[in-house]
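Taken from TrEMBL as is:
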type	residues	note
ACT_SITE	K105	active site, proton donor/acceptor
BINDING	G202, L203, G204, S205, V206, G207	NAD(+) binding site
Amino acid sequence: MLHAHTPRILKDTLQGSTLTITDITADAAHLEAFDHHEHVWHGRDEARELNAIVAIHNTALGPALGGTRMWPHESFEAALTDVLRLSRGMTYKAAVAGMHFGGGKAVIIGDAKKEKTPALLEAYAEMLAALSGQYYTAEDVGFTLADADFLRARTDNVTGTTLGGSGNPSSVTAHGVFLGLKAALRHRGVNALEGVTIAVQGLGSVGWTLCEKLYAEGAKLFVTDIDTARVEEACRSFHATSVAPGEILSAPADVFAPCALGGVLSAETIPSLHAGIVAGAANNQLARHEDARLLMERGILYAPDYVINAGGLLNVAAELSPGGYDRAATMEEVARIPETLTGIFQRAEADRRPTNDVAAEIADERIAAARTT
Ligand SMILES: NC(=O)c1ccc[n+]([C@@H]2O[C@H](COP(=O)([O-])OP(=O)(O)OC[C@H]3O[C@@H](n4cnc5c(N)ncnc54)[C@H](O)[C@@H]3O)[C@@H](O)[C@H]2O)c1
């Protein structure tokens with residue numbers, strides 16, 4: 001039951017506004033996804049139709065950084081679970097990538113195509129400004145470069161903008177996933193993409209660019225999306241084979257690249273997975289952390305999502321560095337994703353443990369070290 005506790009409202013920062021920001025940390029604590037979040041804030045503005053949650057998981061390594069997702073969650077609790085899982089993932093992503101940022105994430109509940117208005121974004125900019133210093137945001141599903149620029153013109157706590165120079169991080173994320181996917185293949189003794197079959201789920205900003213790169217190096221693609229026009233275009237552009245959304249896991253591919261939403265790998269779906277490697281961009285690919293063991297037991301190599309998809313985070317974080325955004329330096333950091341993944345694959349194999357256990361251990365070690373210094 002949410003709102004069972006007396007809420008703490010940030011009144012002082014919101015004079016003259018219709019926005020209310022409530023501390024719902026204690027209310028969220030009963031959820032399995034909570035995992036010691038430092039703060040969870042609920043922003044509500046009925047006049048401007050904003051219903052947003054900002055989750056700040058851990059700031060031991062630095063201020064929380066993570067994108068804003070706009071999605072029509074079926075309930076407030078579903079949105080809360082989503083943002084908590086995403087926020088925790090950002091802590092781990094930043095830590096494994098060796099960054100001086102913590103984990104946070106935001107969701108705006110609503111249909112980005114129909115309900116995202118300038119008034120809603122104004123209210124959200126006020127919310128970010130009120131949380132100043134705790135949380136920096138950027139793009140995510142349903143939240144575009146234009147939205148980030150809109151916010152950046154009103155508050156400093158936004159990155160991944162044209163104004164700061166790094167722009168939309170999706171192409172950098174896709175590049176990191178591409179390099180990581182090839183590292184997973186190399187780990188399995190496959191040194192070229194020519195003739196390798198890859199099932200790509202989701203042909204959005206990241207999935208599409210990933211397809212371009214894979215196709216350019218000779219991979220054969222199976223593609224799916226709930227947007228059929230996108231699928232048709234991919235079939236034309238990449239000579240890809242179209243697969244129904246519900247059948248992408250069982251497509252006869254060597255690699256499964258999830259690039260849509262999270263939770264696609266679960267105890268129910270893993271038995272039907274055909275591929276021997278999972279390497280894709282989506283956040284929270286596993287329904288539960290423990291599901292990675294099911295992949296391991298089936299001999300499937302899993303590239304932990306927050307390790308392989310760290311390119312976008314590295315790119316937006318660079319905008320906040322003291323010297324400003326430096327693309328060449330960022331791409332050098334992204335080029336280290338394969339090395340990080342290979343280290344995780346080797347340690348997991350040597351210890352007979354799931355790859356995501358090893359990745360989490362690396363993150364936990366870095367966070368613990370930061371706490372003691
Ligand atoms: N954009 C980035 O830089 C970045 C960085 C890290 C992680 N990610 C993650 O990667 C994933 C993709 O991000 P994006 O920026 O490309 O998002 P996007 O919104 O541009 O694309 C997502 C695509 O998935 C499709 N989709 C949704 N549900 C589907 C389903 N059930 N089956 C098939 N397709 C479906 C959508 O129609 C859309 O085309 C997300 O999980 C995101 O959190 C993105």
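Including glycine, each Cβ sits where the backbone N, Cα and C put it.
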Students should find that the Cβ of G207 (NAD(+) binding site) has, within 10 Å, a number of other Cβ atoms equal to 27
Same-chain neighbours of the NAD(+) site, Cβ within 8 Å of the mean position of the Cβ atoms of G202, L203, G204, S205, V206, G207 and not counting those residues, run in sequence order as S170, W208, T209, L210, D225, C259, A260, A281
Quick check on the binding-site residues G202, G204: which one has the highest count of other Cβ atoms within 10 Å of its Cβ?
G202
Name the residue among the binding-site residues L203, V206 whose Cβ has the smallest number of other Cβ atoms within 10 Å.
L203
Counting only residues 6+ apart in the same chain, whose Cβ is under 8 Å from the Cβ of S205 (NAD(+) binding site)?
N168, S170, S171, A174
Nonlocal residues around K105 (active site, proton donor/acceptor), in sequence order (Cβ under 8 Å, 6 or more apart):
V54, A55, H57, G66, G67, T68, R69, V83, L86, S87, G89, M90, D140
DSSP state at S205 (NAD(+) binding site), helix/strand/coil
helix
